[in-house]
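Notes for the one structure printed next.
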Amino acid sequence: MITIDRRVQTKCSVLGRHKQVFIDMNETVHHQGSFFGRRKGHKLRAHQADLVDNLLPHLALDIELPAPDALAELFDAPVEAVRLEIGFGGGEHLIAEALAHPEIGFIGAEPYVNGMAKILARIEDQNIRNVRLFAGDAAELMAWLPARALKRIDLIHPDPWPKRRHWKRRFVQDSMIGAMARALIDGGEFRFVSDIDSYNAWTLAHLLRAPEFDWTAERADDWRKPWSGYTMTRYGRKAEREGRRASYLRFRRIAA
């Protein structure tokens with residue numbers, strides 16, 4: 001058994017529903033290349049391909065250019081703040097948030113072209129104007145973002161990469177926690193949702209040892225139940241049908 005900080009061990013065991021889930025915090029996992037695997041799945045339908053070819057260029061961020069001093073400049077209409085969702089999948093959560101909060105600008109990062117095609121169709125159908133997209137590696141986007149630029153970062157049901165040799169592909173790494181701390185405003189939040197206990201434990205262990213973040217949970221229901229206004233994704237509904245319960249973790253950026 002690996003010995004880790006008592007505070008980390010206790011809370012990880014809680015998230016594991018009293019199963020002992022131990023994470024070796026002495027093992028350093030370095031980021032080498034992309035956090036993602038394959039980038040293309042099923043062949044796109046004709047209209048989907050047309051959206052990728054013609055609508056995406058108008059919404060896509062070009063990180064070859066310098067980032068604006070204020071991310072609000074990326075949006076046609078004035079926005080009060082900017083949020084980021086990493087790996088939005090089919091876009092259910094991101095679209096619901098964009099519609100519910102027209103005063104907020106949203107950036108969605110997704111490397112898979114099929115997911116990008118799905119969200120483009122929703123953006124076109126509902127004439128959504130407060131979303132910009134990045135079709136690439138979120139690590140590169142994080143490096144491009146200006147400091148203190150984001151109000152919130154969401155990571156909803158990410159690929160858990162369960163095999164040990166693939167852990168370096170998980171988004172939650174010390175390097176990315178540092179990048180999020182740089183990009184978030186003081187009091188901003190990183191929100192994480194997963195139905196995989198080992199990835200919840202991994203995330204909690206990493207964030208608890210990060211001096212820039214504070215776990216906001218005060219009672220079990222704070223992580224057992226979705227936060228107010230949360231939109232369940234297609235994957236989340238599938239997990240529930242199969243008997244897997246998600247955890248909903250929220251971490252606040254501590255003022256520097």
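Cβ coordinates are placed from backbone N, Cα and C, and glycine is handled just like the others.
Taken verbatim from Swiss-Prot:
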- ASP159: active site (ACT_SITE)
- GLU85, GLU110, ASP137, ASP159: S-adenosyl-L-methionine binding site (BINDING)
- LYS163, ASP195: substrate binding site (BINDING)
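Neighbour counts were taken at the CB atom with a 10 A radius for the recorded positions GLU110, ASP137, ASP159, ASP195; the maximum falls on GLU110. Listed in sequence order, HIS93, LEU94, GLU97, PHE106, ILE107, GLY108, ALA109, ILE153, ASP154, LEU155, ILE156 are the same-chain residues six or more apart from GLU85 (S-adenosyl-L-methionine binding site) with CB atoms under 8 A from its CB. Counting only residues at least six positions away in the same chain, no Cβ atom sits under 8 Å from the Cβ of LYS163 (substrate binding site). GLU110 (S-adenosyl-L-methionine binding site) carries neither a helix nor a strand DSSP state and counts as coil. When the alpha carbons of GLU110 (S-adenosyl-L-methionine binding site) and ASP159 (active site) are compared, the span between them is 12 angstrom. Across the annotated binding residues for S-adenosyl-L-methionine (GLU85, GLU110, ASP137, ASP159), the two most widely spaced Cα atoms sit 14 Å apart. Secondary structure from DSSP puts ASP137 (S-adenosyl-L-methionine binding site) in coil. Recorded residues ASP195 (substrate binding site) and ASP159 (active site) have their alpha carbons 11 Å apart, per Cα-Cα distance.
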